[in-house]
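> The annotation transmembrane segment is assigned in TrEMBL to 25-45, 139-161, 192-212, 224-245, 257-276, 285-305, 325-346, 367-385, 411-429, 474-495, 545-569, 589-611 (among others). Residues or ranges marked as coiled coil by TrEMBL: 93-120.
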Amino acid sequence: MNDLISKLGDWNPQFFREIKGRLKGFNIAIAVGISLLGQIVLFLYQLRELPNDLYSQEGQYCFLRPEVLEKRRILGQQIENLYRQISKYSSNNPSGKSKIAELQLQIDRLQQQVTELSSQYCPIDQLNMQMWWRDHWQYIFSTLTIVFIFTLLVAGTYLLIDNLAKEERRGTLNFIRLSPQPATSVLIGKMLGVPILVYLFIIAALPFHLFAGRGANIATSHIFSFWIVTTACCIFFYNAALLFGLYCRWFSGFQPWLGSGAVLLFLIITMQSIWASPYVRSSTIWFQLFSPLDITAYLFPNLFLHRYQWKLLENLQFFYLPVGNSLLGLVSVHLLNYGVWIYFLWQGIIRCFRNSNTSLLSKRHSYFLVAWIQVLLWGFTLQYGKNYSQYCPGRDCVSFHDVNYQITQNFGWILIFNVVLFFGLLATLSPHRQTVQDWARYRHQNISSDRSVKNNFWLADLIWGEKSPILVSAFIYLAIATAPVVVWILLVPILHIDQTASLNLWINQVNRLNAILGVAMFITIMMVCATSVQRALLMKTKKRFFWAVGIVFVLLFVPQFALSILRLQPSTYPTFWLLSTWPWPGLKYSSTPIVFIVWLGELAVLGLLIWQLVKQVKVLGESATKALLVKE
């Protein structure tokens, strides 16, 4: 035992440090004891439903059930016919009271037979005990599955965030940062060591989980697939918990409750969407893939009492690839989604661990993040399905696949996700006053005499440099996000194979040039917002972040709010809509020259803002350099 502990300490000192205070005899006994006790209670709780000699013959585990139900059906029909006869006699022959009494007597006899059928018990030799044990193990397996998911994700994230918060308050986290251990070793040690008692609780129940699954005739491949996906899910959420604990330190003692509560709320919401049978041909389905409950319901269809239409997930496609047709494809999609996001989260964790005041991602990784989001959004948008049918009154309509209709149905979600992502990156990557001042001073002091070298250096620094202003990066984000939209607009006639009416908006009401100009206007408006945010962050006031948020709020929502209050319709005042942050409705009623002129006006405003920003940055660099020379 000592040799094993020594080897663990050599392999990962942080892991050894975490488990040293947790893996004590009492703690191990409590974790394993609660797990075993819970398994026994669960088994006995289900065992109380064991059929005996008082089991009704109408129960689902009685072989006589079909015969009894058929007899009840026949008796019910006979009673219904007798009531019809009574109604006829009572309405057409008032003098036939004796006949009514005779019929009522027959009804009473039949109802007595129904009562006798319901009160009879199923003989012991007619009980389907094989089916009962299968369902018994199925209930146990389902319960353990749900307990595994909620315990690992909710309890694990709480423990990790709480541990980081305590380390921060005690000051030991900075000590760990200064230790010779690499950041990767420290963080892996925390992920493995902090929830070690949760792992013991789950590991103690794994044999019973596997045994219950086999008893319920569940394929071993499905059980192991669930374990693999759940493991990847835990790694994802634990990475998110570490990042939340390192980056969002201002929540203080409320931090672990907020993080674990958010995970619990996410699981509850995704569980409700499972009960509601989600529509899989949507760009938002990738968000559902973060939850292990969806694939759990696919692997074990009886988990939610048959209310989840798991066959819907069999129709899942990714860029028309039928990934839902096989277990391997579906598991691979989940693992790929988790893997890529774990990579991005890990980059942020490493950066925040080394320097708690740095941004979550480097600009290089932020470009890949935006590109990955586009792959997810468009990959799950482009799914084949008979989603469109023309209007055909008086006859059955023939449905067929229309890719343009599919894209237009998801375009709103694509836009919302990209706008949220854009402003999220602005909030996390935009440098503040002191950072830009240091960058400007460095640039001012290191200007090369060769103009081409100087221009190339500035451009590369604006694209990749983490201290440079965000403008060039913001334009790259928008270019990556809108490139698929522009390609789609250009290919609209080619994709218009079935000559449906779904493209009436783009071909007849809005020509493609106007649509492309609309994309250009959207990019310009977003760049105006980005420039305004960067200028606000260069203010001397300490509340510069709130100024930036306020400016974005005014630019995005005030124009739309004013148009709504004044009731200016796009058909009557299209130019006002073109000047707003949502120009698309105005494109329908505007000519191309008007759209082009409005776009040029927006470009002029953007150019003025950029010129003022460049001037402001230049002044910051020169003043900082002069102050440094004076001190020397």
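From the backbone N, Cα and C atoms, a Cβ is placed for every residue, glycine too.
Please treat TrEMBL annotations as automatic predictions, because they have not gone through curation.
In the displayed structure, how are the listed features positioned relative to their neighbours?
With a threshold of 8 Å between CB atoms, the same-chain residues lying at least 6 positions outside the transmembrane segment (25-45) that come near it are 140, 143-144, 147, 197-198, 200-202, 204-205, 208.
Within its own chain, the coiled coil (93-120) is flanked in space by residues 56-58, 68, 71-72, 75-76, 78-79, 82-83, 85-86, which lie at least six positions past its ends and keep a Cβ under 8 Å from the stretch.
Only residues 6 or more beyond the boundaries of the transmembrane segment (192-212), in the same chain, are considered here, and those with a CB under 8 A from a CB of the stretch are 12, 14-19, 22-23, 27-28, 30-32, 34-36, 38-39, 137-138, 140-141, 144-145, 147-148, 151-152, 155-156, 159-160, 163, 220, 223, 227, 238.
Within its own chain, the transmembrane segment (224-245) has Cβ neighbours under 8 Å at 145, 148-149, 152-153, 156-157, 160-161, 163-165, 187, 190-191, 195, 206, 255, 259, 263, 290-292, 295-296, 299-300, 327, 331, 334-335, 338-339, 341-342, 345-346, 348-349, 352, 360, counting only residues six or more beyond its boundaries.
Below 8 angstroms of C-beta separation, residues 221-222, 225, 228-229, 232-233, 235-236, 239-240, 242-243, 286, 289-290, 295, 298-299, 313-314, 316, 318, 361, 365, 368-369, 372, 376 of the same chain, each at least six residues beyond the ends of the transmembrane segment (325-346), sit close to that stretch.
Listed by sequence, the residues of this chain that lie at least six past the ends of the transmembrane segment (545-569) yet keep a Cβ under 8 A from its Cβ atoms are 423, 430, 525, 528-529, 532-533, 536-537, 539, 576-577, 579-582.
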> Using a cut-off of under 8 Å between C-beta atoms, tell me which stretch among 139-161, 257-276, 411-429, 474-495, 589-611 contacts the transmembrane segment (285-305) the most.
257-276
> Quick one: do the transmembrane segment (367-385) and the transmembrane segment (589-611) have at least 3 Cβ pairs under 8 Å, skipping pairs fewer than 6 apart in sequence?
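The answer is no, given that the two segments have fewer than 3 Cβ pairs within the 8 Å cut-off.
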> The transmembrane segment (257-276) vs the transmembrane segment (139-161): three or more C-beta pairs under 8 Å (separation of 6 or more)?
yes
> Give the mean pLDDT for the coiled coil (93-120) on the 0 to 100 scale.
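Averaged over the coiled coil (93-120), the predicted model reaches a pLDDT of 72.
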